[in-house]
Each structure stands twice: as structure tokens, then as C-alpha cells.
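Marked as site 'Transition state stabilizer' by Swiss-Prot: R23, K30. Marked as site 'Positions MEP for the nucleophilic attack' by Swiss-Prot: R161, K217.
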Amino acid sequence: MNFQSSSSGSIVAIVPAAGIGSRMGATIPKQYLPLLDKPILAHTLQRLLSHPAIDKVIVAVSAEDSWFDSLAEARDPKLTRVLGGKERADSVLAALSALPDSCDAWALVHDAARPCLTHGDIDALLASRLTYPQGAILAMPVRDTMKRAATDGSIETTVCREALWHALTPQLFPAERLKQHLEQALAAGVSITDEASAMEWAGVYPGLVSGRADNIKVTHPDDLQLAGLFLQAQQQHT
């Protein structure tokens with residue numbers, strides 16, 4: 001599959017925020033849980049809206065969402081809201097469908113619950129367009145010893161970590177191509193866990209861009225406290 005190396009085109013950040021985050025055990029969707037002085041999603045959106053290279057931010061929310069309008073970021077002129085779907089891929093596709101046909105934009109897809117993203121990581125991912133015109137993702141090399149579990153919960157084997165990476169977000173792809181491959185993968189019934197998996201299914205292999213360890217996803221209650229510590233540390237170094 002041929003790609004023309006180009007760093008042109010607008011940058012559109014997409015935030016799928018229609019999920020409920022059941023593992024947090026909270027009464028509200030996890031993206032609206034308080035983190036320091038504001039909800040998690042507000043931190044995430046602020047990091048994207050304040051980046052000078054990002055032209056537009058599209059947030060996909062649930063039809064039942066009664067929290068989004070209370071965010072100050074919801075009124076930013078760079079932000080557009082769309083209705084998301086049941087799964088992450090459905091929400092990303094809804095956001096991509098809000099873009100004009102035949103646009104040359106790049107889609108920068110970022111988890112709603114990753115509030116510690118830095119501008120430096122965004123810069124590194126955007127710079128990778130010349131090296132990886134097919135797209136790339138932020139990721140981290142696996143540092144720990146990895147084990148594969150047997151069905152009874154015991155260790156089956158140790159997995160070589162040499163070529164393993166933790167996939168992070170943002171994930172950056174030409175918007176039209178990502179939309180095409182997401183539609184095709186969903187129509188084929190493929191399980192899509194992130195945008196890169198849809199591209200891989202289509203025979204497109206994204207680049208890996210090393211990201212920061214503090215770009216964590218708030219998934220469990222303990223993550224909330226850790227994210228707060230990371231945000232405070234980042235603020236002290238700015």
C-alpha cells in the first residue's frame with residue numbers, strides 16, 4: 001500500500017467520550033470524575049485545545065450525557081460535539097463522519113481518560129508524519145517481565161518482551177484512510193480495540209513513537225490519585 005509522505009493537512013483531535021468506565025465503580029462516567037480542580041475530561045480537552053497545531057477538537061459523547069455542557073471547554077470555538085456510539089470505534093467513526101468529504105486532515109485520536117498528555121508528546125507524534133506517512137501511535141517499550149496465564153490462573157510461560165510495546169494515545173492517521181478502514185473492519189465484525197488495530201487489519205502498519213510514562217489512562221480508582229500527582233509534577237516544571 002503506497003503512501004505519499006506529507007505533513008500537510010489540518011490536525012483534528014478526536015476524543016471518544018461516550019463510555020461509562022464501569023471499572024471505576026463510580027456513579028458517574030469516569031471522564032467526569034474530579035481530578036484536582038476539574039473533571040478528568042476537562043484536563044484532557046485543555047491539553048488538546050491549547051496545542052497550537054491542533055485546528056479542531058471533536059468530542060463524541062453519549063446521548064444520555066448530562067455533564068458535558070457544564071465543562072468550560074465545551075464552549076471553546078475549536079470544539080465540536082457529536083453523538084458517540086456503543087463502542088469506542090463507533091464513536092471515533094461518528095467523529096470522522098463529521099469531517100468534510102475528501103478532506104486532507106489528520107485525525108489525532110486520544111482517550112478521554114488520559115489527562116496527563118503533554119504538548120511534547122503531541123509534537124513528537126506530529127513530527128513522525130514524515131517518517132510514518134501511514135500514521136503512528138504513541139507507545140512505550142515494555143519494561144517488566146511479561147507472563148502468559150493459563151486458564152486456571154497460573155503462569156503458562158514467560159513472554160519475550162524485546163519487541164513488545166504498550167500502546168498509548170494519541171494515535172495519528174490520515175482521517176479519510178482511518179474512516180475507510182474503521183468502516184470496513186466494523187462491517188467485517190472485527191474486534192477493534194484501538195485505531196491502530198483497524199489499520200493493521202487493513203494491512204497498514206503504523207509507526208511507534210516513544211511517549212512519556214506519565215501519560216496514563218485512568219481506569220481504576222488508584223489511577224486517579226496517580227494522575228493527580230503527575231499533573232502536579234508537570235505544573236511545577238512549566
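Each residue, glycine too, has its Cβ placed from N, Cα and C.
Rounded to a whole number, the C-alpha distance linking R161 (site 'Positions MEP for the nucleophilic attack') with K217 (site 'Positions MEP for the nucleophilic attack') is 21 angstrom. Of all the recorded sites listed (K30, K217), K30 sits in the most crowded Cβ setting, with the most other Cβ atoms within 10 Å. Cα to Cα, K30 (site 'Transition state stabilizer') and K217 (site 'Positions MEP for the nucleophilic attack') are separated by 11 Å. Residue environment of R161 (site 'Positions MEP for the nucleophilic attack') contains 13 other Cβ atoms, counted within 10 Å of its Cβ in all protein chains.
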